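Trainee: My questions all concern the structure below.
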Amino acid sequence: MSSKHSDPLERFYKQFQAFVQNNPNVISAARAAAQIPESAKAVVVLSPYSLQHVFPREWVTKSYRKTIVERPERLLASSMGISAAITMYPSLFTLKSSHQRKGSLMAPHVLKVHGSSWPAELIELCQMADAKLLKGEIEVPDTWNSGDIYLSSKTIKALQGTIGAIETGVDSIFKGPSAEHISNRAFVAIRPPGHHCHYGTPSGFCLLNNAHVAIEYAYDTYNVTHVVVLDFDLHHGDGTQDICWKRAGFKPEEEPEDSSYDDFGKKFAEFPKVGYFSMHDINSFPTESGFATKENIKNASTCIMNSHDLNIWNIHLSKWTTEEEFNVLYRTKYRTLFAKADEFFRSAKLEMNQQGRPFKGLVVISAGFDASEFEQTSMQRHSVNVPTSFYTTFTKDALKLAQMHCHGKVLSLMEGGYSDKAICSGVFAHLIGLQNQDWVKEWGSEQVVKEIVRGCKPAWKPYKTKRAKDVIRIWAEEVIRLGRAMIPEFDDIIFKDAVNSAPSNSLLKATVEPASTSTIAQRIIRSHRSNASPEKELHENKPRSTEKQEQREIRSDTKVKQLSSNNRAAETQIPFLQQEFSSEDEDEEYVYDEELNKTFNRTVEDITIDDISRHLETLEIEKKGDEDSDHELKEKNWKNSHQRRLQGNGMYKIPSNTKPHRIRQPQNANTPTYDDSDISMISHVSRKHTTRSGGRW
C-alpha cells in the first residue's frame with residue numbers, strides 16, 4: 001500500500017469540500033449530516049487491497065487481454081456509482097476505507113465455510129504462480145478455466161483485503177456504543193466476486209465465497225443466527241447455494257470422508273441457518289450451453305422451503321420490452337423472492353422461540369450488476385436483463401424485509417457486473433435504494449450514464465468546452481473527480497501508464513482541485529437562473545467570435561477564478577462561459593438535449609430541498625407479544641409530525657396479477673411506487689444524536 005497517503009480518504013475529503021463549496025444548493029444538505037444519526041446513514045466500504053488482483057500473463061495478445069472482464073477497473077467504475085449517489089444525497093452516506101485491515105485466509109470464519117484444505121491450497125497456488133508466469137506457463141491448474149480465473153502472488157493480498165473489507169462492513173452494522181451510533185446498512189465494494197465459489201472449488205472468477213464468509217463472521221462475532229441471501233446477479237450463485245446444502249448438513253463432494261455423516265451423507269444442520277433466494281438467467285453460466293449439465297439446471301431451478309433444513313428459491317429472468325412490462329414481471333414474479341424470504345424468517349423465529357433460544361437476523365445482498373440493461377451483450381448473450389430502476393426497487397424491498405425481521409440490518413456485497421456502464425449505473429441505483437430514496441428516470445438515461453463512465457478512462461480529462469446550461473456534463477465531472485479521488489491506489493494500478501505518458505501540465509492525475517481553483521461548477525438551480533443577468537442571456541445568442549472578445553473584456557475588468565493552470569474564465573452567476581479550445585477529446589456524436597438537461601436539473605434541485613425530510617420519515621415496528629406476533633407498522637414524518645397508519649400488517653404476500661393500489665407518487669419519481677414497497681425503513685433513529693458521517697465532511 002502507498003505510504004504517501006496517511007489517510008487514504010484525504011484526497012476525497014478535499015475534493016468533497018470543493019464540491020460542496022462550489023455547489024451552494026447542497027451546502028445545507030451536507031451540513032445536515034450533523035443532525036442525522038449514524039443509524040440513518042449507509043456505510044460504503046472501499047477495499048484498496050482488492051485492486052492487487054491483476055491479470056498477470058504479460059505474454060498474451062492485446063485481443064486476449066480484452067476478454068478478461070474481471071479486472072481492477074471494476075472498482076473504479078463502482079466508485080463512479082458511489083460518488084454519483086453521494087452528490088445526490090451528501091448527508092446520507094459514510095465512506096470508509098479498509099486499507100489498514102487485511103483478513104486471513106486461515107481465519108475461523110473462512111475455514112468454517114471452505115474447510116482447511118482449499119484456503120491452504122489457494123495460498124500455495126498463488127505463491128507458485130509468479131515462477132510459472134516467468135516461464136510463460138499458465139499459473140492455474142489444468143482443470144480450471146484459465147479464461148476466467150488467474151492468480152499471482154499479489155492475489156493473496158487482494159483476498160486478504162477483501163476479507164478485511166467484509167469484516168469492516170459487518171462491524172459497521174453491528175458494532176458501536178449504542179444503536180444510535182451504529183449504521184444499519186452497508187455496501188462493500190470488493191473483487192473478485194464470490195457467489196460461484198463452492199466449498200473447495202473456484203469458479204466463474206470467484207476464489208472465496210464472500211457472502212458465506214461474511215455470514216460466518218457475523219455469526220462468530222455478533223451471534224447472528226439466521227441470514228437471508230438475496231442474489232440479483234445475472235448468473236445463478238451456484239457456489240452460495242451449494243454451501244447452503246453444506247450448512248443444512250449435507251456432505252460436499254469435495255469434503256474428505258467424515259464419520260459424522262450418516263449413510264446418506266447427512267448430519268445435523270449448522271448455525272447460522274441461511275436461506276438463499278436468487279433471480280437469474282437460466283441460459284447463462286453456469287447453466288449455459290457447454291456448462292448446462294442436468295445437475296446444473298436442476299440446481300439453478302431448485303425451489304424448496306423449510307424442508308430438510310433447506311430454504312432455497314430460484315426464479316428465472318424473463319424478457320421484457322417496456323419498463324411497465326418489466327414492472328408487472330417484478331410485481332407478479334420476482335417479488336416472490338421476498339415472500340419466501342419472509343416465510344423463512346417467520347418460521348425461524350417461531351422455531352427459535354419454541355426452543356427458548358434468541359433469534360438474530362441479517363439480510364445479505366449478493367449485488368451483481370451484470371443483469372443491467374447497460375451490460376455488454378457478450379455477457380448477456382440471451383437477451384434478458386433488468387432496467388436500472390430495478391436496483392433501487394429491489395433494494396428498497398430488501399430494506400423492508402430487514403426492517404421487519406432484522407432491525408434493519410442489511411449487508412450488500414458487490415458480485416458481478418463487467419461493463420463500466422453496468423457497474424456505474426447499477427451501484428448508483430442500488431445505493432439510492434439502500435437509503436430508501438426514489439430513483440429518478442433521468443439519472444439512468446443513456447446520456448447521463450455515458451458522461452459518468454468517461455471517468456473510467458485511465459487518461460480522463462475534463463471537457464475543454466462546456467455550455468453553461470449543460471448541467472449533466474457539469475455534474476458528471478463533479479462525480480468523476482470524487483470517484484477518482486476515492487482510492488489513492490488507482491494512481492499506481494489503473495492510471496499509472498496514462499500519467500507516465502502525459503505531459504507535465506496534464507490534468508490526467510486524480511489530484512484534488514481546491515475550492516479556490518476548482519473546475520467543479522455550481523449546479524444551475526432555479527434561484528441561480530432567476531439571478532442571471534440579461535447580458536448573459538444576450539451573450540448566449542451571439543456568434544463565437546463576439547463571445548471570445550467579450551470574454552477577454554470580462555477577464556480584464558473583473559476578478560477571475562482560475563479553472564486550471566492554463567485556462568481562466570469569468571466568475572459569473574452561471575459558470576462556464578462557452579470557450580474556444582481544440583476539440584481533440586470532445587465527443588463528436590454529442591447532441592445537447594435541452595429538455596433532458598432541464599429535467600435533470602429540476603430533479604437535483606428538488607432533492608436538495610427535501611432530501612432530509614423525506615429520508616427521516618421513519619418506520620417503527622412495535623412488537624406485540626413474542627417475536628412471532630404480527631407487527632404494527634407506523635410511519636412518522638419528522639417534518640410535520642404527521643402520522644399515518646399503513647395498510648395491512650407489513651407482511652409480504654405472494655404476488656398476484658392484480659395491480660396493487662398506488663399510493664403517493666413522489667415528485668420526479670418515474671418508477672412506480674406501490675403500497676407494499678414504498679415505505680421508509682430506517683430504524684433506531686434519534687433526533688438528539690449528532691454524530692457526523694466522517695467528521696471531515
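Backbone N, Cα and C define each Cβ position, glycine as well.
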Trainee: Pick from Ser98, Ser530, Ser556, Ser582: which does Swiss-Prot describe as phosphoserine?
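Mentor: Out of Ser98, Ser530, Ser556, Ser582, Swiss-Prot attaches the phosphoserine annotation to Ser582.
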Trainee: In Swiss-Prot, which of these is labelled phosphoserine: Ser545, Ser629?
Mentor: Ser629
Trainee: From Ser284, Ser506, Ser613, Ser686, pick the one Swiss-Prot annotates as phosphoserine?
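Mentor: Annotation hit in Swiss-Prot: Ser613.
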Trainee: Looking only at the region 'Histone deacetylase' (40-440), what is the mean pLDDT?
Mentor: 96
